[in-house]
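Chemist: Handing you this structure, nothing more for now.
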Ligand code: HEC
C-alpha cells in the first residue's frame with residue numbers, strides 16, 4: 001500500500017473515532033448573535049446519547065416539554081443554572097424575562113432557537129453553556145423554561161397542537177400539568 005493511502009486511511013479512522021459525533025445531527029445550529037455554526041462536538045460527553053437529545057438534534061423537537069415526569073428535574077436544573085440571572089420564575093433579573101412572549105432574539109420562540117442561545121450563548125453575561133450543562137440537561141431546563149410561560153398558549157410555538165389546547169399559563173398553583181397523563185419515568 002502506498003504511504004499516501006495509508007495516511008488517508010489513518011485520517012479517516014481518526015475522524016470517525018473522535019470529533020465526528022456532532023455530524024450525526026440532521027439540523028445545523030447557529031450562534032444567536034453571530035450566526036456562526038455551533039460545533040456540537042464541544043458538548044460535554046455526559047448526556048449526549050439520550051433518546052431526547054437524538055430526537056432534538058434531528059428535529060428541533062423537545063420531547064421533555066410538558067412531560068410531568070421530567071418537569072421536576074427541569075425545574076431543579078433551571079434553579080441551579082438559570083434563575084440566578086433570570087429570576088426563579090423566569091420573570092427577569094439581570095437577564096431578560098423568559099416567561100412572556102417578548103424576545104430580544106425572536107428565534108427564541110422556537111426550541112431550536114432557545115437551544116442555540118443556551119448552547120452558544122448571547123451577549124454579555126449570557127455565556128455559552130456547552131461546557132457547563134450536558135445536552136440532556138439543557139433540554140430539561142428548556143422544558144421548565146417553557147413551562148413557566150405566562151403568555152397566550154396560542155403563541156407557544158414550542159408546544160404541539162394537543163399540548164396547546166390544554167396548556168395553562170404558569171401560576172404557583174398550576175405547577176404541574178394536571179391534565180396530561182403522567183408518563184412515569186422521565187426519558
Ligand atoms: C450569569 C447570568 C446568566 C445565566 C446564568 C443565564 N443567563 Fe440567560 N441571559 C443573561 C443575560 C444578561 C441575557 C441578555 C443577553 C443578550 O441580550 O444578548 C440573557 C439572555 C438569555 C436569553 C435570550 C432572551 C431573549 O429575550 O431573546 C435566553 C433564552 C436565556 N438567556 C436563557 C437562559 C437559560 C435557559 C439559562 C440557564 C441554562 C440562562 N439563560 C442562564 C444572563 C444569564
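For all residues, glycine too, the Cβ spot is worked out from N, Cα and C.
Grabbed the feature section from TrEMBL, which reads as follows:
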type	residues	note
BINDING	82, 85, 86	heme c binding site
DOMAIN	69-175	domain 'Cytochrome c'
SIGNAL	1-25	signal peptide
Chemist: Return the single residue from the binding-site residues list (82, 85) that has the minimum number of other CB atoms within 10 Å.
Modeler: 85
Chemist: List every residue in the same chain as residue 86 (heme c binding site), at least 6 positions away in sequence, whose Cβ is under 8 Å from its Cβ.
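Modeler: Result: 92, 93, 95, 96, 97, 98.
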Chemist: Mind checking how the domain 'Cytochrome c' (69-175) divides into helix, strand and coil residues in DSSP?
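Modeler: Counts, helix then strand then coil: 54 helix, 0 strand, 53 coil.
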